[in-house]
Amino acid sequence: MAAAWGLSLTAAALRAVTPWPRGSRLLAASRGRRALREVSSSPEAGEGQIHLTDSCVRRLLEITEGSEFLRLEVEGGGCSGFQYKFSLDTVINPDDRQGEEGVFEQGGARVVVDSDSLAFVKGAQVDFSQELIRSSFQVLNNPQAQQGCSCGSSFSVKL
């Protein structure tokens, strides 16, 4: 479904409510790996953690209300095999990782990853990028990804 929408939404559309399973709102699908951005992660964050860039934290604080958080999921799809899906959510599901593995909080901004998806993104960075043609959350420098497709919307995993 996200592929049919061009895999990204404008910044103005990020707050628009789009129905999605489990009470979440689709924000954007990542366009893949980009240049390294400044990261504001805690020094004790290990390779099993998700690191949030300063721009990601700022944008999440702007768009989330109350108990909302950013949900990061990995789905099968795209020309390389897997793709990222971002949505705003308020419900912690039974398959979400709790504590230090799965709920990542930084500066008041929270990102939640389910246990299956965490295996595909541990050690990666989540960024918010603003460009002339789009604004979106994206996953950068994913140590679990071997390569991406030429458009950057999907990735394959290291075996």
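Every residue, even glycine, has its Cβ placed from backbone N, Cα and C.
These come from TrEMBL:
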type: DOMAIN; residues: 49-152; note: domain 'Core'
type: SIGNAL; residues: 1-16; note: signal peptide
Tally of residues which DSSP labels helix, strand or coil - the domain 'Core' (49-152): 17 helix, 46 strand, 41 coil
Arithmetic mean of per-residue pLDDT over the domain 'Core' (49-152): 88
